[in-house]
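The structure under discussion appears below in the form of structure tokens.
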Amino acid sequence: MLPPFGYNTGVINAPEQQLRAFFNATWMERYGEPIKPGVCTIVWSFAVAIFSVGGMMGSFSVGVIANKFGRRKSMFLVNILALIGGGLMGLCTLCSSFEMIIAGRLIIGLFCGLFTGLTPMYVGEVSPTPLRGAFGTLHQLGVVIGILIAQIFGLEYLLGSYKLWPVLLSLTVLPAIVQCILLPFCPESPRYLLINLNEEEQARKALVRLRGYEDVGKDMQDMKEESAKMAMEKKVTIPELFRIAAYRQPLLIAVMLHLSQQLSGINAVFYYSTGIFKSAGVSQPIYATIGAGVVNTVFTVVSLFLVERAGRRTLHLIGLGGMAISALAMTIALLLKDIEAVRYLSIAAVFAFVAMFEMGPGPIPWFIVAELFSQGPRPAAMAVAGCSNWTANFLVGISFPKLEELCGPYVFIIFMIFLIIFFIFTYFKVPETKGRTFDDIARGFSGAPPEI
């Protein structure tokens, strides 16, 4: 359900020079002089980073929308934003307006912010406990497939040319149309139907559709027990999430896991990978970038099979540790870029970086937040965690070009330090959630012994 998020993360990378040329042509048309290089860089960075501002706004609205309209209907409705945002970007050259690109990226970011909260919430609630991690990883698979599609279509002889790049940016409307067609055939979350709406028969029917068999008594009983506990407490708002002591530890873990995803530097690689390879002396950087997208997709599939065997915590630790080593290797490659053989090290380091990301920090933060909280605080927690993710995404996107300018080849040392900090935090603070029910995980934070 999330190719649009991945697509819009990766699509802005390849046509950078075409977009800069469009900014200059538009500026010339309006003011009769070329745009200054510094101003052009600011407009470019803003067009990249405004996507994350929309994401922040969208993610913070997840809880309200999910509870008001339900999980499925909310996912259906937010596709309207994708149609508007894609339309604005696709028509920008006809209107000679680079502001339409910025506005379109903002609206698409709003759409993606909502979807990155709604999708893992829905998937976590409809999945059987033994397969919850694997299905949660499918969410990340959709993201990386979207990134790979954007990288391939962004090739200059496909849609990355000066004439066709508006089509490249507007293609995000196609998945939205497909989702509008398919979502009505998906069942609503049984947990939402039973716990939020108290519609027991509808919840049972939804479970039968999802499981493929009639005997859903155990699942219904688990949800009824959670519902009985929920009846003793009201829905949790975002301010209450911070005030109530019982939620502070899981909330801290949720936020730190999401920060570990973005402050790892992964989006610096996705947004600016072509430039990184060019700086390292790679002669055909766009193909190396696509190679990174292929590695990204392959290792997401690998993670899909490992997450219910190795566990969430173990894979997250492996991913963080591997990324820290890869960040060091990227630094060495950038320092020694004049040596022919070292150019291949930069490619290998980026490939290893994205591979380790998809082992843990890529998929796990999105669905583990849904596991850390019961039905009441879950939407608010998803909103806070998602907002922290998008905020960090924005800061990396807007600051990386300047950081690269100031730090030169040492820029990835900053991300390596963050990765080490998150590794230590995960080792000491993050519990394993594999194979545990939502209620059991919540009991663990309350200090009660887990149920046997």
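Using N, Cα and C of the backbone, Cβ positions are placed for all residues, glycine too.
Marked as domain 'Major facilitator superfamily (MFS) profile' by TrEMBL: 1-434.
If you look up TrEMBL, you'll see 42-64 (among others) marked as transmembrane segment. Among residues of the same chain six or more beyond the transmembrane segment (42-64), those with a C-beta under 8 A of the stretch's C-beta atoms are 8-9, 12, 16, 19-20, 23, 35, 78, 98, 101-102, 105-118, 121, 238, 271, 379-380, 382-384, 386-387, 389-391, 393-394, 397-398, 401.
Annotated transmembrane segment per TrEMBL: 76-96 (among others), in sequence order.
Among residues of the same chain six or more beyond the transmembrane segment (102-123), those with a C-beta under 8 A of the stretch's C-beta atoms are 1-2, 4-5, 8, 12, 43, 46-48, 50-63, 65-66, 71-72, 74-75, 78-79, 81-82, 84-89, 92, 135-136, 138-139, 169, 172, 176, 189, 366-367, 369-370, 378-379, 382-383, 386, 389-390. According to TrEMBL, the transmembrane segment annotation covers 102-123 (among others).
Per TrEMBL, the feature transmembrane segment maps to 135-158 (among others).
The transmembrane segment annotation in TrEMBL covers 164-186 (among others).
Annotated transmembrane segment per TrEMBL: 251-274 (among others), in sequence order.
Outside the transmembrane segment (286-307) by six or more residues, the chain places 10, 13-14, 133-134, 136-138, 140-141, 144-145, 147-148, 151-152, 154-156, 269, 273-274, 277, 315, 347, 350-351, 354-360, 362-364, 434 with a CB less than 8 A from a CB of the stretch. According to TrEMBL, the feature transmembrane segment maps to 286-307 (among others).
The feature transmembrane segment is assigned by TrEMBL to 314-336 (among others).
According to TrEMBL, the feature transmembrane segment maps to 342-368 (among others).
Look at TrEMBL and you will find 380-398 (among others) tagged as transmembrane segment. With a cut-off of 8 Å between Cβ atoms, the residues of this chain six or more beyond the transmembrane segment (380-398) that come close are 45-46, 48-49, 51-53, 55-56, 58-63, 66, 109, 113, 116-117, 120-121, 236-238, 240-241, 247, 250-251, 254-255, 257-259, 261-263, 265, 267-268, 271, 365, 369-370, 372-373.
Tertiary neighbourhood of the transmembrane segment (410-428): same-chain residues 256-257, 259-260, 263-265, 268, 313, 316-317, 320-321, 323-324, 327-328, 330-331, 334, 361, 400, 403-404, selected by CB-CB distance under 8 Å and a gap of 6+ residues from either end. Feature annotation from TrEMBL assigns transmembrane segment to 410-428 (among others).
Within its own chain, the transmembrane segment (135-158) has Cβ neighbours under 8 Å at 1-11, 13-15, 119-120, 123-124, 127, 164, 168, 171, 175, 270, 286, 289-290, 293-294, 296-297, 300-301, 303-304, 307, 358, 362-364, 366-368, 370, counting only residues six or more beyond its boundaries. Confidence in the domain 'Major facilitator superfamily (MFS) profile' (1-434), given as mean pLDDT, stands at 85.
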